[in-house]
Amino acid sequence: MIRTLRLGVNIDHVATIRNARGGRHPDPVRAARAAAQAGADGITAHLREDRRHITDDDVERLVAESELPLNLEMAATAEMVAIALRHRPHAACIVPERREERTTEGGLDAAGNRDALAPMVRDLGAAGIRVSLFVNPDPIQLDAAAELGAPVVELHTGSYCDAEADDVRDHELERIRTAAAHAERIGLECHAGHGLAFDTVGRVAAIPTIVELNIGHFLIGEAVFGGLDGTIRRMRALMDRARSGTDDRRGA
Ligand SMILES: CC(=O)[C@@H](O)[C@H](O)COP(=O)(O)O
Ligand SMILES: NCC(=O)COP(=O)(O)O
């Protein structure tokens with residue numbers, strides 16, 4: 001059975017460009033509308049504790065105005081849980097966050113933080129918010145996510161995308177494949193994301209138990225050259241080709 005593979009467009013770095021001058025352009029809500037027109041299935045936005053890009057106002061307007069469901073990425077803090085409960089996005093993805101990091105560096109340690117995460121997962125789920133945990137492709141973390149009651153995990157694809165040597169990239173991809181199969185076995189919906197680009201998306205999209213890819217930084221950067229609509233459509237086409245098995249590089 002070939003499962004549908006959804007594309008979630010992360011619009012964080014539209015806000016990065018806007019915030020560079022402190023104005024209102026470009027507007028992440030307009031980017032969300034454009035993503036919908038280009039065939040995206042959802043919008044992802046990371047409200048960081050330091051608000052370096054997405055702001056509280058962006059979240060409020062995205063929930064109110066975006067025609068696509070919002071996947072709110074958030075740190076595991078009481079502040080972020082309260083914000084999520086106030087805005088009620090379609091989904092919330094709990095991600096690790098360090099103020100000094102340039103971007104997300106690793107996956108959430110679900111196995112090592114069960115006591116803190118359990119009430120957050122419970123309260124978000126009770127509010128009708130689909131909860132996912134952003135974790136490294138590690139079966140131990142997947143088991144912990146399932147025990148916490150999270151229905152979804154998002155596998156961190158950064159090590160695969162950042163690998164320079166072919167053997168390292170192949171090893172990291174195998175970790176993702178193994179984790180995606182494990183997720184299926186234990187009843188977790190499996191997503192993936194971080195660092196995906198035109199040259200890396202195909203082999204991840206070809207993994208049949210992954211049902212959603214969240215992609216942002218590369219899309220926004222590439223849109224500088226090819227426009228957001230065309231860039232999203234090309235990413236969508238690469239995903240569909242790999243998923244259908246017609247991409248001869250997918251197994252490379
Ligand atoms: C969790 C993840 O990999 C990204 O969705 C996250 O948003 C990266 O953070 P920045 O967007 O701030 O780079
Ligand atoms: N969770 C991954 C995401 O939303 C986008 O990550 P990136 O493509 O901006 O690295």
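Yeah, the Cβs are placed from backbone N, Cα and C, and that goes for glycine too.
TrEMBL names D12, H13, R48, H53 as 1-deoxy-D-xylulose 5-phosphate ligands; from the candidate set T103, T157, the record adds T103 to that same site.
Ranked by CA distance from N10 (3-amino-2-oxopropyl phosphate binding site), the recorded positions H46, R48, T103 have H46 at the top as the closest. Counting other C-beta atoms within 10 Å of each candidate's C-beta, the binding-site residues H13, R48 are led by H13.
Among the binding-site residues listed (N10, R48, H53, G195), N10, G195 have a CB atom closer than 6 Å to some atom of ligand 2, in sequence order. Neighbours of R21 (3-amino-2-oxopropyl phosphate binding site), defined as other CB atoms within 10 A of its CB across all chains, total 8. Within the same chain, the residues at least 6 positions away from T103 (1-deoxy-D-xylulose 5-phosphate binding site) whose Cβ sits under 8 Å from its Cβ are H194, H217, listed in sequence order. Excluding D12, H13, R48, H53, T103 themselves, the residues of that chain whose CB lies within 8 A of the CB mean position for the 1-deoxy-D-xylulose 5-phosphate site are, in sequence, N10, A15, T16, H46, R52, I54, G216, H217.
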